[in-house]
Amino acid sequence: MSLAEAKKLDKKFPTFKNEFAIPTFGSLGIKNNKYESSTESIYLCGNSLGLMPKNTKKAINDELNAWVERGVESHFNHPDKSLTPWVDIDLPLLPLIAPIVGAKENEVAVMGSLTANLNALLIHFYKPEGKRTKILFEKQAFPSDYYAFLNIVKLFGYDEKHLIQLEVQPGETYIKTERIIKAIDENSDELALVCFPGIQYYTGQFFKIEEITKYAKEKSQQIKVGWDLAHAVGNVPLNLHDWGVDFAAWCSYKYLNSGPGAIGGIFVHEKYTIENKKSSFVPRLAGWWGNNSQERFKMLEEFDPINSALSYRQSNPSVLDVVAVKSSLEVYAKVGGVSKLREKSVALTQFLQDLLTNSKYYIPQSSTSNSKFGFKILTPLNPAERGCQLSIMFQPHFDEKDKNVMERVNAYLHDHAIICDERRPDVIRLAPLPLYNTFEETFIAVQRLFEALDNISKEYM
């Protein structure tokens, strides 16, 4: 693998880097005599926080101007007639987000934040009855998911024994699908809910959403299946409606590039809302923004839910958040959507993998040695089982920060304005995004990583 090959691949796969604001050495406060302060960074951290689309600043300023010019009247009479009055600010996003998650427009809503949305959905979909009380998920789940699952069972008077957690097996780096299927089989009479991440935040594993959902539903329609799509939305093609997923929640500040802490979203299959009459109404966390919009401002003490996922909204959404999401979704629409980007994403991450696995420092996943100097790739090596992220675990481990291999590699990368995500104690997550990363900068980033290891390895020779 060479720089020339990287440049050749960049000619084959277009970049949309010019749509985004890229941090520079200067803006990051990094002083390196080899680079001008205006030199752009290599940003491989979109799996943590995506970069800002250039149009976002104008989109937010337009709404700030509306606030200045008309105040509360902008809810129904926006000063810019080309823009949406605030009362309906989130509605234009539905046709933009629906294709990204593979849903009908009536199955999605832009609302809340990831864990708040997950909790709201659990209130509706976790319905323990008889011995069917348990939730199946992963041991290494993002902690916020664990807190949500633990608290929902406690709200119903159960304890943590009603949580079934699958762990990564010794000698493996991620959970194999067959183990999830086996766990569903073994607990099918006791399961109320199955909920996994679409993509595992730490390892980057892309779970087989369709296969797992279908199998659980075949065992019993009483088993509800939900997904945390924080690392999947905007990263890999999804088809939630056709896959028969009951519900899903996501954030929008990673691959959807909508800004820190930005508003999230939900999917609820239309079978739960399309005939949502009083006779079949299922209680949920309700609020006035989920009520019939024609009745909302009459202030009636009667909840008449919208016949769509919008009925799960509780409060009016943040206007500034929503337009930030919209500006990013418009970029996705402009470039042809996630499916169009997937071909480049697979090629880009495979290029990264090939560079890493051809290194003298590469240690195969099957190796049981923890003392050998180098790194393992925790992520599945099969492109179909991952998104754009590769998680690299450095060894041997040292508790002392000045000796820790990962800490030292990450510091070297940062000194060269290569921005990635560290997960203590020993993992760096590299995520080349097809929207704004190139093969050339991926090649350069890996060479800098090897330089860091060369410097450290002298202590082990």
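Keep in mind that glycine also has a Cβ here, set from the backbone N, Cα and C atoms.
Over in Swiss-Prot, the protein carries these features:
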type: BINDING; residues: Leu114, Thr115, Phe142, Pro143, Ser144, Asp145, Asp228, His231, Tyr253, Trp288, Asn316; note: pyridoxal 5'-phosphate binding site
type: MOD_RES; residues: Lys254; note: N6-(pyridoxal phosphate)lysine
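Among Leu114, Thr115, Phe142, Pro143, Ser144, Asp145, Asp228, His231, Tyr253, Trp288, Asn316, the residues given in the record as binding pyridoxal 5'-phosphate, the maximal Cα to Cα distance rounds to 31 Å.
Local packing around the Cβ, expressed as the count of other Cβ atoms within 10 angstroms, is greatest for Tyr253 among the binding-site residues Phe142, Tyr253. When other Cβ atoms within 10 Å of the Cβ of the residue listed as 'N6-(pyridoxal phosphate)lysine' are tallied across all protein chains shown, the result is 25. You'll find the Cα of Lys254 (N6-(pyridoxal phosphate)lysine) roughly 15 Å from the Cα of Phe142 (pyridoxal 5'-phosphate binding site). For Asn316 (pyridoxal 5'-phosphate binding site), the same-chain residues 6+ apart in sequence whose C-beta sits under 8 angstroms from its C-beta are Trp86, Val87, Trp289. Around Leu114 (pyridoxal 5'-phosphate binding site), the same-chain residues at least 6 positions away in sequence with a Cβ under 8 Å from its Cβ are Ser144, Asp228, Ala230, Ala249, Trp250, Cys251, Gly264. DSSP assigns Phe142 (pyridoxal 5'-phosphate binding site) to coil, not to a helix or a strand.
Least crowded of the binding-site residues (Ser144, Asp228), judged by neighbouring Cβ atoms within 10 Å of its own Cβ: Ser144.
Under the DSSP three-state reduction, Leu114 (pyridoxal 5'-phosphate binding site) is assigned to helix.
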